[in-house]
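Peer 1: Under the heading cyanocob(III)alamin binding site, TrEMBL lists 52, 53, 54, 55, 56, 96, 145, 190, 315, 337. Taken from TrEMBL, the feature disulfide bond covers 65-107.
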């Protein structure tokens, strides 16, 4: 049975509201999102977690709040309980999820879409999340990873902690140094509000009126040609309990000097399709690695194909954007989240 498209619909409705549409142009979509949230809540009770993820669950609550729609208190309390018990995720994924949930809490509290008692709990939880964002900051100023950092900055802005939290300035400086990482529409949508001092909560209070048409085509210059070739060591690892042999593939792959990681994977498959094969799924963030050597990462199994630069550094870019240097060793590791 196909899981509900909670996150995708929530992002669409957030984007729709940001474009200053006519009054209630897609009321049926808001109704669908409310239905999806109820389906997610059913999954929470039966499985101990939402059918999709707490990230999508939080996005759904946030999108409904931005559209000034109430959600049942019991749905909100599911998120409060998950945050209180530290069930929102692991590693970098925690920053994204806790940030989205904190934005949803702050929106519900500020828009007065919950009662006074629950609003007070949401306010405390949002500020706790803000403190957790600061604790997650690395020495380079990045919070979680470079793509998580805009989410954390939105929390600082929405809660007002940006005025007192030193982590805010350091994170903003790190963001400005790494803007080239935000090359897709989805990642740009996360970073652009922050660069203008806004969060997604501000969508709900926009004064649309007569919006000037400031959208102009962007002339994209092709990437410069880099002469020559390079060699990349490609390794596939699959630990227990999914596999008995940790290392399933280890081979040098020759590619052009300007090749991306996606090009490396395609070159490895071309060398010997029986020895190496992979599949990707198109997402707003670009192609996402879903299957390697016939092993599929599945959401219901809570695993994914983690991409690391040897020995153990997670990549900060997508497979179509990252261009490994000559002699790099890249590890595709089936991991749990």
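Note that Cβ sites are derived from N, Cα and C of the backbone, with glycine treated the same way.
TrEMBL entries are annotated by machine, without manual review.
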Peer 1: By a simple count, how many Cβ atoms lie within 10 Å of the Cβ of residue 52 (cyanocob(III)alamin binding site), its own Cβ left out?
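Peer 2: Around residue 52 (cyanocob(III)alamin binding site), other Cβ atoms within 10 Å: 22.
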Peer 1: Can you tell me the CA-to-CA distance separating residue 65 (disulfide bond) and residue 54 (cyanocob(III)alamin binding site), as a whole number of Å?
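Peer 2: Pair distance, Cα basis, whole Å: 16 Å.
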Peer 1: Residue 107 (disulfide bond) to residue 56 (cyanocob(III)alamin binding site): how many Å between their Cα atoms?
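Peer 2: Cα-Cα distance, residue 107 (disulfide bond) to residue 56 (cyanocob(III)alamin binding site): 16 Å.
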Peer 1: Since the record lists 56, 145 as binding-site residues, which of them has the fewest other Cβ atoms within 10 Å of its Cβ?
Peer 2: 145
Peer 1: Within the chain of residue 315 (cyanocob(III)alamin binding site), which residues six or more apart in sequence place their C-beta under 8 angstroms from its C-beta?
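Peer 2: Set apart from residue 315 (cyanocob(III)alamin binding site) by at least 6 residues yet with Cβ under 8 Å, we have 261, 307, 308, 309, 322.
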Peer 1: Test of understanding: give the count of other CB atoms lying within 10 angstroms of the CB of residue 54 (cyanocob(III)alamin binding site).
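Peer 2: Other Cβ atoms within 10 Å of residue 54 (cyanocob(III)alamin binding site): 25.
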